[in-house]
Amino acid sequence: MRNGTSLLLLAAIALAGAACLTAMGGTAKAAALEPTDSGAPSAIVMFPVGEKPNPKGAAMKPVVFNHLIHEKKIDNCETCHHTGDPVSCSTCHTVEGKAEGNYITLDRAMHATNIAKRAKGNTPVSCVSCHEQQTKERRECAGCHAIVTPKRDEAWCATCHNITPSMTPEQMQKGINGTLLPGDNEALAAETVLAQKTVEPVSPMLAPYKVVIDALADKYEPSNFTHRRHLTSLMERIKDDKLAQAFHNKPEILCATCHHRSPLSLTPPKCGSCHTKEIDKANPGRPNLMAAYHLQCMGCHKGMDVARPRDTDCTTCHKAAPKSAD
């Protein structure tokens, strides 16, 4: 009975605490999210916490970290909590940097790439380095990401630096001071997550079934590129991927690997609009048309570890032209 009484007391205390947080506007919205297996909050707001006693404002919006999604994808908590202590990142890494975090600023901790492997202990990963690792190692991502690098502009930053507009200046100030109540933090995070909408993919039926590449037909017959088949395959591979859904926030983005360096569009210009048959003397760094085709096709196949067609077998993609009777 003692154990039973203790359990009842613990349950009563937990319910009372939950009621208090709900009364303060804390966990009501957060409860709408699926709970994590670890017991950590399903989502939290990561504020740019600084060392200054009363900082004013911040250069960037806070980041809402969806702990639930990441927990499902990562086997070991120490992948992110590399010290083994599951505390907030800003405990050691602040805007200015502090001794506890080897003076590595919050910005570096979240965005650093090419992190050197530690001789002992866990090698830290940043948000950006982990995402980049995923796009390089997973076949469904590597095909495109092996040949293009996303432009790191304001739109790229806003994928993560995005929070509900209902957050007040007072809450922002408390957040960067490190004094925002956990319940209020989780409520803001949940509201942001619940407001996110998945971008509807473009229908493959809008794309050409085949594209005849004949601009360079000479020794070989025109190449019949199975455009819709390639597009459908790519879409099928990433349709349920949360990382792709987050960064492919416009349906045309999937087209932008091949149809690069032009405005996002479902009707992009032809490759020959920019790439000429001969090297353009005014733009010597721009590949000619034949090089552009082969860099794209072979680069994607290599990134996805596609065994066929082989780079050395020209007739797999375009048959040899019949020899003239002469």
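Every residue gets a Cβ built from N, Cα and C, even glycine.
Per Swiss-Prot, heme 8 is bound by C297, C300, H301; the candidate from H230, H248, H259, H260 named for the same site is H230. Binding of heme 3 is annotated in Swiss-Prot for C127, C130, H131; the matching candidate from H70, H81, H93 at the same site is H70.
Note: the CA-CA distance between H145 (heme 4 binding site) and H70 (heme 3 binding site) rounds to 21 Å.
The separation of C92 (heme 2 binding site) from C127 (heme 3 binding site), Cα to Cα, is 16 Å. In terms of Cα distance, the binding-site residues that sit within 10 Å of C80 (heme 1 binding site) are C89, chosen from C89, C157, H230.
Cβ proximity to the heme 5 site centre (mean Cβ of H111, C157, C160, H161, cutoff 8 Å) flags the following additional same-chain residues: M60, V63, M110, C127, W156, A158, T159.
C160 (heme 5 binding site) and H248 (heme 4 binding site) are 12 Å apart (CA-CA, integer value). Within 10 Å of the Cα of C130 (heme 3 binding site), not one of the binding-site residues from the list H67, C77, C89, C297 places its own Cα.
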